[in-house]
Amino acid sequence: MNSSLPARLTRLSRHQVALVSAALFWGSSATFTKSALDALPPLTLLVIQLASATAVLWAVLLIRGPRRPPGRRWVVRLGLLGLLEPALAYALFNFGLSRTTASNASLLTGLESFFAIGMACLFLRERLTGRACAALVLALAGVATLEGLGSGFAPHAGDGLVLAGVVCAAGYVMLAARTAEHVDALTMTAYQFSFGLLCTLPFALVRWAGGAESLPTDASAGAWAAAALSGIVGYAASFLLYNYAIKAVRATTAAMVLNLIPVFGVACAVVFLGERLSGAALAGAALVVGAVVVFSASESDTASESDATSEPDAVWEPDAAPEADAVAESGPPPVVVDGAPTGRSAGRQ
């Protein structure tokens, strides 16, 4: 099937732009979270980020006007989503990020897409073409080059914690893929972050009571503002865009697009933190970008055929009825992370 490139861009632009924007927010938020960690302890920072994200999401939800509340079954699933990400994924990411570089954290969150692709093939029964498999190998080589071969990206003690957060984020991906079929994006994201905040607060209270962390009353207004802003942009906005996109994009395709998270993350670390970028890291970034292009090209005809039997390019309607949400097959990526996580990383952020 050889539809013109402009026609394909018109058909896929809304969801592709949402995915790329989510990747940008996740990748860049790792850099700003790294800066905030200079003044705020990890779990305290996470609470501030989750609280700011949750407040904004519920404000938007109330302004829009809530539709039919999720049933008990979906509330439980949304609670599990919030536990996996942002609670566990971002807590692990923030603790890991305090012991590694922003570049390493952003690059490690790129592994979330590979976990997600594997799970999509195993549990969602999505298939990869031969060229798509080759692109996946190419992307793996790019991430390995970025993380392991560049002299500016030596392993750090926090890398293992960041990677554990990525595994939690991959588990989130599997649940989110099906949940997005039945719950609109705004409701899903608001409940997810509410449960994430509730799961995180007890651990924060224990650390505050034990003196392991304390509220940094002497932190500057800029540090508090950076923490809140990273929560709104790197958490609320990125997940809202992602949860919107996964209703119409295959899990494998979304996962490959989100390999751009480490590229955005490294670029921001270089620009804003002054971290050095080696030639090997540049080569790895080029491999990742090339892999995304090759994968997208190999999947475009398959996606076009699938779109022909489903509702194409629906406008962003987070208030759509739950029955309408089941129209499209969902599939994510993921992190870093990035945001800082990013999560995204959980990057995440």
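We count from 1, first residue shown onward.
Glycine residues also receive a Cβ, built from the backbone N, Cα and C atoms like all the rest.
Note that this is a predicted model, so its numbers are computed, not measured.
Record features (TrEMBL):
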type	residues	note
DOMAIN	18-144	domain 'EamA'
TRANSMEM	40-62	transmembrane segment
TRANSMEM	74-93	transmembrane segment
TRANSMEM	105-125	transmembrane segment
TRANSMEM	132-154	transmembrane segment
DOMAIN	158-296	domain 'EamA'
TRANSMEM	160-177	transmembrane segment
TRANSMEM	189-209	transmembrane segment
TRANSMEM	221-242	transmembrane segment
TRANSMEM	254-273	transmembrane segment
TRANSMEM	279-297	transmembrane segment
REGION	301-349	region 'Disordered'
COMPBIAS	302-322	compositional bias 'Acidic residues'
Ask   = Counting Cβ pairs under 8 Å to the transmembrane segment (74-93), which of 105-125, 160-177, 189-209, 279-297 comes out on top?
value = 189-209
Task = Could you put numbers on the helix, strand and coil content of the domain 'EamA' (18-144), residue by residue per DSSP?
result = 103 helix, 0 strand, 24 coil
Ask   = Helix, strand, coil residue numbers for the domain 'EamA' (158-296) per DSSP?
value = 111 helix, 0 strand, 28 coil
